[in-house]
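Student: Handing you this structure, nothing more for now.
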Amino acid sequence: MIVTITPRKLSGTIAAIPSKSHVHRLLICAALGDRPATLPCRVVSQDIEATMRCLRALGAEIAVDGSVIAVTPLDRNASGAVELDPGESGSTYRFMTPLAAALGRKARFTLHGKLPSRPMDDLWNEMERHGVVIAGKGTDHPVVEGRLTAGRYRLPGTVSSQFFTGLLFALPLLEGSSRVLIADRLESAGYVDMTLAALAAFGIVIGRSAGRFSVSGAQRYVAPAGLRAEGDWSNAAFWLCAGAAGAKLAVTGLALPSLQGDSAVAEILRRMSAKVSIAGDSITVAPAELRETCIDVGDTPDLVPALAVAAAAVKGRTAIVNVGRLRLKESDRVASVCGALNALGGHAVPDGDCILIDGCGSLRGGIVDACGDHRIAMLGAAASVLCSETVTITGAEAVDKSYPGFFDDFAALGGVVRTEV
Ligand SMILES: O=C(O)C1=C[C@@H](OP(=O)(O)O)[C@@H](O)[C@H](O)C1
Ligand SMILES: C=C(OP(=O)(O)O)C(=O)O
């Protein structure tokens, strides 16, 4: 799909969609729970579909009725091989790999997009030391076989926090106690905290001390009454950064404090001197003369495409540091963020573990290749608030991975969008 945007001043209010990361976690816990549960979820993205598809394959019954997802838990004693298709969702893939093995199910995966090349080795290696055999590594169809055993796991914390989350869902199901050690330091740590919060809501106790998690075995997932996912800060960040760059925009339904590390965007925009006001669960960002800053995104990698838009609005240099792991996402986001901004007339360059953006307060316009990446397509649209000429986004359907109604919301804010299929 090709989307062409004629630049307009945006204004208005958007209701945040449910947090993809939080919904993944609540669905997984609910599928492992002791009784049926329901989760309000008014937007079902491709990644959430992927998690539901995998949980169904493992035996959960999941029905979407309007804006509510009803989950009847899977049978932990079921046996037999399963086919799991996580689509392009790294989270789903890295959560289901240890989970299927903890359930003792042989799982044949079908991977799409860039997923076959996203890192798995550290997780696989540890699983292979704990009762599991993995075939088809490096192909679109890895196969995981054998029952995972409890014990001592040790993983780097600087590749993907999703390895830790996947193990933390799986290990409480096993007989025996486990420890998960962080070999170095944990980046994207807020995502693991969100996992611990979801597990705690289901009565699962995980010990945490510096550098390790302790998990006692054979725990029960006890479904609480009234599941609720937070509004999604990672996607709201595009509206908030477009607000800082040249539109006054508000997003409602965003909790603060939040389980999501990406809620840091509010503070980052404040540091950049944007006018940020928060009232209840609503946040409004209005443009101002933005200031040069240095932003460490080691814990919030998904914010970078949105922050790049705000950085282009700064008259001066923004240094985004600790970007190494952005290369491991749906696209190489160091390259694709720089490529998208530069295609619009901006000045962004990778510099070691940084992206340096030299903004001048406006952009020209041009053609942005989404590179198969939802957050790059959204970057292109949000950046149009700074452009004098049209912005064309190729591969714009990528937004469906996390935010299927993105261009409808963009139009609701006054954006002028033409779509060609
Ligand atoms: O656990 C999660 O829900 C996520 C963790 C992060 O990945 P990494 O831990 O690989 O940085 C983030 O980029 C991804 O979009 C969602
Ligand atoms: C990287 C992302 O997701 P995942 O790792 O689940 O594919 C994302 O949503 O930006």
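Any Cβ shown, glycine's included, is placed from N, Cα and C.
TrEMBL does not curate its annotations; it predicts them automatically.
Pulled these features from TrEMBL for this protein:
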type	residues	note
DOMAIN	7-409	domain 'Enolpyruvate transferase'
BINDING	LYS20, SER21, ARG25, SER160, SER161, GLN162, SER188, ASP302, LYS329	3-phosphoshikimate binding site
BINDING	LYS20, GLY90, ARG118, GLN162, ARG333, ARG375, LYS401	phosphoenolpyruvate binding site
ACT_SITE	ASP302	active site, proton acceptor
Student: Would you mind reading off the Cα separation of LYS401 (phosphoenolpyruvate binding site) from SER188 (3-phosphoshikimate binding site), to the nearest angstrom?
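Tutor: Computed Cα spacing between LYS401 (phosphoenolpyruvate binding site) and SER188 (3-phosphoshikimate binding site) is 20 Å.
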Student: So which recorded positions out of ARG25, ASP302, LYS329 are up against ligand 2, CB under 6 A?
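Tutor: The recorded positions passing the 6 Å Cβ test are ASP302, LYS329.
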Student: Taking the Cβ of each of the binding-site residues and counting other Cβ atoms inside 10 Å, which one has the highest number: SER161, SER188?
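Tutor: Highest number of other Cβ atoms within 10 Å: SER161.
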Student: Cα-Cα, whole number of Å: GLY90 (phosphoenolpyruvate binding site) versus ARG25 (3-phosphoshikimate binding site)?
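Tutor: If we compare the Cα positions of GLY90 (phosphoenolpyruvate binding site) and ARG25 (3-phosphoshikimate binding site), the gap is 13 Å.
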Student: Ligand 1 is in the model; which of the binding-site residues LYS20, ARG25, SER188, ARG375, LYS401 have a C-beta less than 6 angstroms from one of its atoms?
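Tutor: With ligand 1 as the reference and 6 Å as the Cβ limit, the list reads SER188.
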Student: Have a look at the binding-site residues (ARG25, ARG118, LYS401) and report the one with the fewest Cβ neighbours inside 10 Å.
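Tutor: Selected from the binding-site residues ARG25, ARG118, LYS401 on minimum Cβ neighbours within 10 Å: ARG118.
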Student: Compute the C-alpha separation of SER188 (3-phosphoshikimate binding site) from ARG118 (phosphoenolpyruvate binding site), stating it in Å without decimals.
Tutor: 16
Student: What is the Cβ neighbour count of LYS329 (3-phosphoshikimate binding site) at a 10 Å cut-off, with all protein chains included?
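Tutor: Its Cβ shell of radius 10 Å holds 22 other Cβ atoms.
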Student: Out of LYS20, ARG375, which of the binding-site residues is least crowded by other Cβ atoms within 10 Å?
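Tutor: Output over binding-site residues LYS20, ARG375: least Cβ neighbours within 10 Å is LYS20.
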Student: Roughly how many angstrom lie between the C-alpha atoms of ARG118 (phosphoenolpyruvate binding site) and ARG25 (3-phosphoshikimate binding site)?
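Tutor: Rounded to the nearest whole number, the Cα-Cα distance is 20 Å.
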